[in-house]
Amino acid sequence: MSGFYKYQGGLSVWLESSNHKDIGTLYFLFGLWSGMVGTSLSLVIRLELAKPGLLLGSGQLYNSVITAHAILMIFFMVMPTMIGGFGNWMLPLMLGAPDMSFPRLNNLSFWLLPTAMFLILDACFVDMGCGTSWTVYPPLSTMGHPGGSVDLAIFSLHCAGVSSILGAINFMTTTKNLRSSSISLEHMSLFVWTVFVTVFLLVLSLPVLAGAITMLLTDRNLNTSFFDPSTGGNPLIYQHLFWFFGHPEVYILILPAFGIISQSSLYLTGKKEVFGSLGMVYAILSIGLIGCVVWAHHMYTVGMDLDSRAYFTAATMVIAVPTGVKVFSWLATLFGMKMVFQPLLLWVMGFIFLFTIGGLTGVMLSNSSLDIILHDTYYVVSHFHYVLSLGAVFGIFTGVTLWWSFITGFVYDKMMMSSVFVLMFVGVNLTFFPLHFAGIHGYPRKYLDYPDVYSVWNIMASYGSMISVFALFLFIYVLLESFVGHRIFLFDYYVNSGPEYSLSGYVFGHSYQSEIFYSSIVFKF
């Protein structure tokens, strides 16, 4: 991968390594590859919608492209990069641990992911693809898809789920057992806290998804009737089970980005800790906790009674409180800093701005009376893309910008990286901001054609997506150029406020051969 430590043993290092840095690098490469495939599919969607009329010629094909785009981006791009990549690389370093708690389990949890991805790609090529959307609702996924594509998608989700659960157990035990004795819970860095809460949510919610899709599998193949109303089942059970996983999942995607933004704001300001760091920890815990009890706000239109809708509306609005605490704490941390024009500052400010917009549209959608009108329109699509495409993905870009030199030992071109930010910022906003208006005017999701009245919004969105794709290519060029340019990372301006910066410059193959005792932290008594 890079010039910071020599690999011995060729290919077997990548296949068999139990070193957290090697496995983290594999996760990054896998996430990049999946992200490129997912982005290509999103471009296909935007080209189809660029003007009225048909490009793909089949609604089933269009829906299977949407399904593949969602599953690739969620399970094979954001999660491997955030938790597998940044988590594997930085968590042991931030805890003063020599490696992960179960190094070989770590290796297994990575190699389950390419298997899962090949299965979901196979599903796209069987019987006109799996056109169910990533939610895989019955009866569309049972009677509506009699072929093998949905079965392949279910096996893919099983593989990805097992991988995530194994990784989550590993991260939890590492945080609990391998923490340096001088780092108490309240002194752990916020990135470690976000990863810890994230993996807790994974362990809590993924078995529920596994149960739901296993029941779906038996409904399809073994003549059971869990979700078939004609024989006493209820498709709403599936929706409740799926969204009990699906809502914590969106917090699983965004929480590590919160941690990255917290670390970046420390880096930028040179402060010892984030403003209100204990409050930030409680906000992370609150988001994780409340995120588990609001799942049915995805289901306002299925005929829930008024009391249930009132509860889920209120509970969903409560999540805005800890999220607001985080946003204002980041701003308070950045307040008073010496403003130096650099890519990291741009990414952090961009994240805070875009995530806040996504959060505000979320507060609107949490109202059940409004959501009944806006449900399954492009307003919802714009909301979750502002939180994920412009939140989690900007978090990944921020993490790469922050830790690139730390991980590789090379320095990227700062002006080029700033150009990537400007292009990406313009592109994603041009893509998703106009679609809010299309959604308010009643433009529904998951249709491959539309009336001419919506064409202005769609043309703007399609141009924006092309700008974003160009920005992505420029980003990859910047990273490759940093290797080719071979500008060695010599020193940093960073004020030392974490165990990872006690290492000499960039990172070598094995860190913390003996336990460090981190003396600038208040000791536990």
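Any Cβ shown, glycine's included, is placed from N, Cα and C.
Annotated in Swiss-Prot:
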- 25-45: transmembrane segment (TRANSMEM)
- Glu48, Gly53: Ca(2+) binding site (BINDING)
- His69, His385: Fe(II)-heme a binding site (BINDING)
- 71-91: transmembrane segment (TRANSMEM)
- 108-128: transmembrane segment (TRANSMEM)
- 152-172: transmembrane segment (TRANSMEM)
- 190-210: transmembrane segment (TRANSMEM)
- 241-261: transmembrane segment (TRANSMEM)
- His247, His297, His298: Cu cation binding site (BINDING)
- Tyr251: O2 binding site (BINDING)
- 274-294: transmembrane segment (TRANSMEM)
- 317-337: transmembrane segment (TRANSMEM)
- 344-364: transmembrane segment (TRANSMEM)
- His375, Asp376: Mg(2+) binding site (BINDING)
- His383: heme a3 binding site (BINDING)
- 387-407: transmembrane segment (TRANSMEM)
- 420-440: transmembrane segment (TRANSMEM)
- 459-479: transmembrane segment (TRANSMEM)
Stretch contact, the transmembrane segment (420-440) with the transmembrane segment (344-364), Cβ-Cβ under 8 Å, 3+ pairs: yes
Cα distance (Å, whole number) from His69 (Fe(II)-heme a binding site) to the residue listed as 'O2 binding site': 19
His298 (Cu cation binding site) to His375 (Mg(2+) binding site) - Cα separation in whole Å: 8
Close approaches to the transmembrane segment (152-172) from elsewhere in its chain (Cβ under 8 angstroms; 6 or more beyond its ends): 67, 71, 75-76, 79, 83-84, 87, 91, 100-102, 105-106, 108-110, 112-113, 115-117, 119-120, 122-123, 126, 130, 132, 136, 195-196, 198-200, 202-203, 206-207, 209-210, 213-214, 216-217
Those binding-site residues listed as His69, His383, and which of them has the most Cβ atoms within 10 Å of its own Cβ: His383
Long-range neighbours of the transmembrane segment (71-91), counting only residues six or more past its ends (CB under 8 A): 20-21, 23-25, 27-28, 30-32, 34-35, 37-38, 41-42, 97, 100, 106, 109-110, 113, 116-117, 120, 134, 153, 156-157, 160, 164, 167, 171, 174-175, 191-192, 195, 198-199, 249, 252-253, 256-257, 260, 388, 392-393, 395-396, 399, 403, 407, 500
Residues of the parent chain within Cβ reach of the transmembrane segment (344-364), under 8 Å, 6 or more residues beyond its termini: 254, 257, 261, 264-265, 267-268, 316-317, 320, 323, 327, 330-331, 334, 370, 374, 379, 382-387, 390-391, 394-395, 397-398, 401-402, 418, 421-422, 425, 428-429, 436
Proximal residue to the residue listed as 'heme a3 binding site' among binding-site residues Glu48, Gly53, His247, His375 (C-alpha distance): His375
Cβ-based neighbourhood (8 Å from the centroid) of the Cu cation site, residues His247, His297, His298 excluded: Trp243, Gly246, Val294, Trp295, Ala296, Met299, Phe312, Thr316
Among the ranges 108-128, 190-210, 241-261, 274-294, the one whose Cβ pairs under 8 Å to the transmembrane segment (387-407) are most numerous: 241-261
Residues of the parent chain within Cβ reach of the transmembrane segment (190-210), under 8 Å, 6 or more residues beyond its termini: 82-83, 86-87, 90-91, 94-95, 157-158, 161, 164-165, 167-169, 171-172, 175, 241-242, 244-246, 248-249, 251-252, 255-256, 258-260, 262-263, 274, 277, 280-281, 284-285, 287-288, 291-292
Rounded inter-Cα distance in Å - His297 (Cu cation binding site), His375 (Mg(2+) binding site): 10
Neighbourhood of His385 (Fe(II)-heme a binding site), C-beta criterion under 8 angstroms, separation at least six: Gly358, Val428, Thr431, Phe432
Sparsest-packed among the binding-site residues, when each Cβ's other Cβ atoms within 10 Å are tallied, from Glu48, Asp376: Asp376
Contacting positions for the transmembrane segment (274-294) when only residues 6+ beyond its ends and CB under 8 Å are counted: 186, 190, 193-194, 197-198, 200-201, 204-205, 244, 247-248, 250-251, 255, 258, 262, 265-266, 312, 315-316, 318-319, 321-323, 325-326, 329-330, 332-333, 335
